[in-house]
Amino acid sequence: MQDNIKAYSHKELRKLMEGLGLGAYRGDQIFKWLWQKGVTDFSSMTDIAKTWREKLSQRFSIEGLSLVKRVVARDKSQKFLFQTADDEYLESVFIPELRRQTVCVSSQIGCPLGCRFCATALIPFRRNLAGYEIAEQIQIIKRYAETKVTNVVYMGMGEPLLNLKGLFESLEIICSSFGLGIGQRHITVSTAGIIDGITALLNSPFKVKLAISLNFVDEDMRAEMMPVTRKNRLKELLKLARRYSYEKHWVTFEYVLIQGINDSLKDARRLLRLIRDIPSKINLIPYNPHPRLQFKPPAQKQITQFYQYLLSSPHTVVLRKSRGKEILAGCGQLALDLTGAKNLL
């Protein structure tokens, strides 16, 4: 069975090529061909001798994701359905804006967290994505979007901090000048609040931005709506958020507004009390409904009142406008739409 050469890190590829007698610099060349040029066969690697290209193709394969379906929303957002080499499925989203072009990547197939208000929780957890499978979502989307990708957010299917191996491997590809070449300050990792994962990210060499899905200020309500928080309590989470803001980047707290559950002014006051000593930004996200879930966003008046109250704080507050809602590409809406799917690559 052939090894998939895309599964090798840049460092591993250099060592591998040196061991084969080709020289470490050939690892640089191959890595660039794979990630900057996006080649899918060794014959395209024209700066490597033909005899060696043939030997490499006999020993290694170049496997990755296949694009199965692409849907474009009225606001030009795009949702992509991918199939893996082992016949699993995942979704990613492209979000074009005036000054940035963002790809929202998935880190797992399905999600193990079981958040009651998130459509991805409807999909049984299958496995973690490998680092190259995460990075390849960006590579393929860039090709179809026909534009430079400026920002990456780990906010698709899955919890990235429960897949640290895939997260760190993908960051090495995404941030490398031999890879996709996207700066760390343009990358945001979103988490439901995995204590061990945030600690690992703090101790890593990466200085990416961190977004924490806070959503509920009452510990019991948070545990009911987000079961994973029963083992990842608010006190410890906020302590780590404070550390991250001082040691790396200001943390963003994401707060999804759900009608009748967490949208009162009392909730807004408690939110500001909780994070009062943490340099941070608040992303306020009106809930994106899904046909398979019963939750709804608050009325516009309630959203405005909540937002205006938060503006009285020293925190930067952003009221997020959901993109791609009609194609179920908004926050919390990714649930594998296989309708009319066909392989496009």
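Cβ coordinates are placed from backbone N, Cα and C, and glycine is handled just like the others.
Nobody curates TrEMBL annotations by hand; they come from automatic prediction.
The active site, proton acceptor annotation in TrEMBL covers GLU91.
Residues or ranges marked as active site, S-methylcysteine intermediate in TrEMBL: CYS331.
Summarising the annotation, TrEMBL assigns [4Fe-4S] cluster binding site to CYS111, CYS115, CYS118. Taking the Cβ of CYS111 ([4Fe-4S] cluster binding site) as reference, residues of its chain lying under 8 Å away and at least six apart in sequence are, in sequence order, CYS118, THR120, ALA121, ILE123, PHE125, MET157, GLY158, GLU159. Under the DSSP three-state reduction, CYS111 ([4Fe-4S] cluster binding site) is assigned to coil, being neither helix nor strand.
For GLY158, GLU159, SER190, SER213, LEU214, ASN215, ASN288, the entry in TrEMBL reads S-adenosyl-L-methionine binding site. Its own atom aside, the Cβ of GLU159 (S-adenosyl-L-methionine binding site) has 25 Cβ atoms within 10 angstroms in the protein chains shown.
TrEMBL lists 97-326 with the feature domain 'Radical SAM core'.
Summary for the binding-site residues CYS115, LEU214: the Cβ-based neighbour count within 10 Å is maximal at LEU214. In this structure, the C-alpha atom of SER213 (S-adenosyl-L-methionine binding site) lies 11 angstrom from that of CYS115 ([4Fe-4S] cluster binding site).
Each of the recorded positions GLU91, SER190 was assessed for Cβ neighbours inside 10 Å, and the highest tally belongs to GLU91.
Neighbour counts of Cβ atoms within 10 Å were taken for the binding-site residues GLY158, SER213, ASN215, ASN288; the minimum is at ASN288. In this structure, SER213 (S-adenosyl-L-methionine binding site) is part of a beta strand by DSSP. Rounded to a whole number, the C-alpha distance linking CYS115 ([4Fe-4S] cluster binding site) with ASN215 (S-adenosyl-L-methionine binding site) is 11 angstrom. Across the structure, ASN215 (S-adenosyl-L-methionine binding site) and GLU91 (active site, proton acceptor) are spaced 23 Å apart at their Cα atoms.
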